[in-house]
Every structure is written in structure tokens, then in C-alpha cells.
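Structure, as C-alpha cells:
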Amino acid sequence: MKKSRSVLSVTGEEGNDTDLTGAGEKAESSRYSRSYTSGATLGADLRRGRSRRLSSSLQVPCWLRPRDRTRSPEILNNVSRPTTLPLRIPPRISITQADADSYEAENGVSPGHTPLGSQSPGLTLHTSLQGQRRESFLYRSDSDYDMSPKTVSRNSLASEGHTAEDFIVTPFAQVLASLRSVRSNFTILANVSTPTVKRSPMTGVCVSPRATLSDQQYQQLALDTLEELDWCLDQLETIQTHRSVSEMASNKFKRMLNRELSHLSEMSRSGNQVSEYISSTFLDKQNEVEIPSPTLKDKSMSHISGVRKLSHSSSLSSTSMPRFGVNTDHEDELAKELEDLDKWSFNIFKVAEFSNNRPLSCIMYAIFQERELLKTFRIPVDTFVTYVMTLEDHYHSNVAYHNSLHAADVTQSTHVLLSTPALDAVFTDLEVLAALFAAAIHDVDHPGVSNQFLINTNSELALMYNDESVLENHHLAVGFKLLHQENCDIFQNLTKRQRQSLRKLVIDIVLATDMSKHMTLLADLKTMVETKKVTSSGVLLLDHYTERIQVLRNMVHCADLSNPTKTLQLYQQWTERIMEEFFRQGDKERERGMEISAMCDKHTASVEKSQVGFIDYIVHPLWETWADLVHPDAQELLDTLEENRNWYLNIIPQSPSPPPDRHLQHDRFQFELTLEDLEHNNHNHIHMSSGPEGHLCQPGGAHS
């Protein structure tokens, strides 16, 4: 049963060192309440004080009324452009069936199939009534982040009865919404009738002719329309030809996150560590580090390291295959756990316990059997089991977090996300196969340290992959190399074209699990969703490779960052595991005389604060956007995420206040956040004083 969606509500949290509700919330506490605008309108009903209103609506006459005061053209120079626009979504349209034969990875639909044809895959983006839920920092006022005077506070929007769900925040979608508003206004001003075409206003909206407008209303509408058009031109002038429109959103989100982290780091020493970790892990930037220069070994690097010769095929055959693909003395218990294979609350730890510590092999076998992928792609059962067992053996059991248990969890989570009703029949069998295979191999042969550690230590892997997505490239190389081992080629019966398409899909998906690409992924997805929302149809047609792979990338990325959305019991177990892995890296860095990475120092970390910060700045914005894409299918996950976040918030220990006469100069350190791709090369230097805190710290399992 589909659940109604609750509204996101932001409330400032009181407290000193325990306030991690966000940098902007402390200075800008607000609550957003639900209210729909009349008619199927798209655009803004924005004001500055009591006199500001923009004409960002498809049907202006429905809401047009005399202003509190008239404006002259000179006033326009002093009026700010809104940074968010309220949104109204058209009625839901059914999802169309995807046809495997009508889609090509490189070219979208095959010749003869029109994008709007019966075989065109797509899903409807829409909004529904909500209760109350906190929104992510992406919806906060952008006026604190933009240096341009063309900004306006979102608080004024909320006070007029709009909600976070009614606003679009990506720049390109805002431009589209404004241009649609300009077009609608022009039909009124010019007193022309428009035929029912793609760009015509949506039905069900009252339209008043020009004759019904007073002279004052007509003049006001003309001024608003001109201002709206000027703003669009300003935005378009900033677009560089070699950059995508989604990069506008990426830069904006990075700038906003940078500001949030700056405020967070000012709260305490532990807050500074959380900020430093999020910045170094989830922002794609070149860190200025001193890299040691050891004597390089004279060693060929043409081989793929980590691949070992193993043999499982001799003991396997189709006739003697275990029920769940693994030998176990707890078959009944395992069967009971696997009954929940399609549920988000699935307990992967129990599966590992009852499968003789073969969770990945067991999960892959169960999912491929349920989806009939073995039959569809004619994969021999013994070959499949041989490969997944060999793959699992190349995950290191002595690595606390990035082991086969994590791979099994991400694979099962991807399986559930693929089954969401909103995406039913959208992806082809080959794409489903690629997504599951990518999830299974995405961390194979992980050494238990981060990309930055490998770069800083001049490791062979970093040299081989030129410091770019080092581990992700290695995982791909190992995963594909294992297919060449004895009786391991599970794709042997695929056509050449299918193998090429699958390989391209898998490479794109696994490379996207590099956490430094997070903000770019988020911006791409949100731009795509909001751009489609402001169209008259509100339907996202996934009939081109770029759109389909964008959803698949974010799907596996969401699965990789799904720990905080699971039940608290499961979430806490993942927390313990990632912290153990972090601290082992910190110990290695200490032994080498290196600077200890953020949140890897077991003497100074704070697990509670890191969880709240990690959810607020990384997990929540991502899952919030995914929930918009598949609404209302992910609402329960957002509820669980909020509950887990509040649980950690409530157990943050209170830090004692320092003595009044304490001088902080002797215990001060510097923390730098740099976003190389920001237009103004904004560098924030934040001097922080250390505090008497020594709690464990955990970012929720995203460390690669």
C-alpha cells in the first residue's frame, strides 16, 4: 500500500556543543507548513516584505491581484531574484513498459520507437499531501551562500504557505520555470490565444483575458515579466559551453555544503573533525598534501594485483548444488531469513551466520534465482556459484567493514530498490543484471584504507590509476579479471553486444561509488528530477542511456549509503564495523608518522556527532532526492532515517564548558575547506580550538 508523504520540517535545535542540526538552523530556525496553491500552477508567489511578488506562474490571472504599492522600473534594480520556486505537479501518469529490444545502451530507443511510444520507459514525478518531516540543507535560504544581490530568504516563502516540496532548487530547473512563466505572461500581455501544445498551460487552470486586468495590474505584470526574463538571461550568461547544466547545481550544492561545514566546525573540535571528514571524503577536490617519496620498486604494473588462483568448481555440479548455493548446517534457519529477501529490514548479519560466512554467495544465488536471471541469460548454475564464491574469497575477511558482508548488503539493497513500484518494468533484464553485478563487485579486494591513504603513501594502486578513483578502478579490474578464471565466466552466453553494454554499465556504476563524486551525483539527479517536474507532462522518460545510467548510478550509490536508513539495530552494527576499520587506518598513519585522517583517531573522535552530521549533510539530501524520484515508495526509509538521526542526536554527551580564564591560543589548529571548481575560488580558513572530547566517531560506512 502506498503511503502518504509527510512534509519536511526544520526546527532549530537548542544547545551548545550538541547542536548539529545544521549550520544554518542555529541562526535561521524555521518551520514549514503544508499548503497547496490554488489551481495547477507552476512558479512563485514570492514577496520581499509586503511588496515583492514575482510572476513565476503559468497562469498569472488566477492569482494576480492589486499590489500593496506600485513599483517603478527603478525599483527593479533593488529587488532580489528568488532562489527557489514553488511547484505544482500535474496528475499522475502511468509508467510505461520497457522493452528490452527497443533500447540500446549507446543510442537510447531503437529506430522505429518514438520517445512517447507505447514501449518507451518512464516514470511520473509528482507531489502528494504530507505530514511533517525535516528537510535537508539544500532547501535552506541560498542568500547566505550567493554573493549576488539577486537572492531572497526562503523563510518569506514559507510564511506564505508554501512547503519545501513546492520548491525547486536546481538553477537550470529554475530557469525553465521562469521561462515558462515569461511565456505565459506574454500571452496575457499580448492578448494572444495559444493552441494546446506542449508548452501550453496545463488544463484545469482559470485564464483571464487581458481585458480583466486593471492598468496597475497590467503594468505590474509587465515589470515582473521583464525582471523574470532579465534574471534568466543573467543565469544563461554564466553557463560555459563546456559545462553541463547540472554542474550549475553541483557548484551551488558544494558552495552550500561548504558554508554548512564551516558553521559546524565552529561548534567544537569534534564538529571540526566531522566537517573535515565530510569535506575530504564527499567533495571532489584536490587536497594539498605532502606525499612521501620512497624509492619506487622496479616492478611491472601491467598485472592486476589481488587476483588469486582459487578452485571451487571441482566440488560443484548442477546435480549436487546446495539449496541456497552454499554448504551450511543451518539450512532451515537460513531459509527463514531469506523469506525477507525483498524487505528493506533484511538482516544480512543473520544470513552470514547461517550461511557458513558466505553472505555474498548466498545473496547473489537467491536474488538471481528469484529474478530468473540464470535462465534469462543462460548462466550455468555451477559456473555462477563458482564465480560468486571466488569473488567472495577476494573480499578480505580481516577488513572490518569493506568485506563480503558489506557487498552482500549493498547487493540486497540494490535488489530492493530495483523492485520499487515506481521503477517497475523501467529497466531491462540486462540493466538489472549489470546493477546487481556492479553492487556485488563494487568493493572487492578492498584493503581497508581510503583512496587518500593510498595516494599519500605512494601505493602501487595509486600510481597505476593516477590517483583517480583508485580503489573503484581496482575493484572493477578484479571483478572482471575473475571472470577469466576456471569455470567463472558467467557471461559466456551473452552476445558480444550484450557483453559490451553490460561492461559499460558496470564500469559507470562502480566508478560512481567513489564518494568524492557524491555531490556531482546528487546534483545530476536533482537537476534531472526538477527539470522534468517543471515540464507540462511531469513524466521522466528514461529512453536514453544518459538518463537510465544516471538513475542506476544513484541507485547503487544510495544502496552504498543505506546503513542509516536501516533499523537502528542493523545501523549500530555497521557503525561499530566502520569505526574499527577507521581506527586501524589511524593506527597505521600514526605508526608511519603521518597526519591522522579525520575521524580515524581513536583518541579524539565522536560517534554521535559524526552520525548526525553525516546524515544531515550527505545521507538525507541524497535519499530525499531519491524519494522524490520514486515517490511515494521511499517514505518509510526517510522516516527511519529521521528516527535514527534523532536517536544519535539525543545521546550526544554534553561537553563541559571551558574555564573563563582559559586561553585557547596554545591548543588551536587550522582547518581548510577548498572547492576548486567554485567560480570565485572561495577558500575558508577556520581556526578551531580543541575541546575536552574523546568520543568515538563514525560517518556511516562511506569510506573509500
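Along the chain as shown, residues are numbered 1 onward.
Just so you know, glycine gets a Cβ as well, placed from its N, Cα and C.
All TrEMBL annotations are machine predictions without curation.
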Kindly point out which candidate in HIS406, HIS474, HIS484, HIS518 is recorded by TrEMBL as part of the Zn(2+) 1 site with HIS442, ASP443, ASP560.
HIS406
So which range, 102-130, 305-333, 653-681, gets flagged region 'Disordered' in TrEMBL?
102-130
Fewest other Cβ atoms within 10 Å: which of the binding-site residues ASP443, ASP560 wins that one? Let me know.
ASP560
Those binding-site residues, out of ASP443, ASP560, GLN611, that come within 10 angstroms of HIS402 (active site, proton donor) at the Cα:
ASP443
Same chain only, sequence gap of 6 or more: which residues have a CB within under 8 Å of the CB of HIS442 (Zn(2+) 1 binding site)?
ALA407, VAL410, GLU472, HIS475, ILE509, VAL510, THR513, VAL556, ASP560
Counting only residues 6+ away in sequence within the same chain, which have a CB under 8 Å from the CB of LEU405 (AMP binding site)?
ILE348, PHE349, ALA352, PRO359, LEU360
Quick check: in three-state DSSP terms, what is GLN611 (AMP binding site)?
helix
On average, what pLDDT score does this prediction assign to the domain 'PDEase' (326-655)?
94
Within 10 Å of the Cβ of HIS402 (active site, proton donor), how many other Cβ atoms can you find? Include all protein chains, please.
26
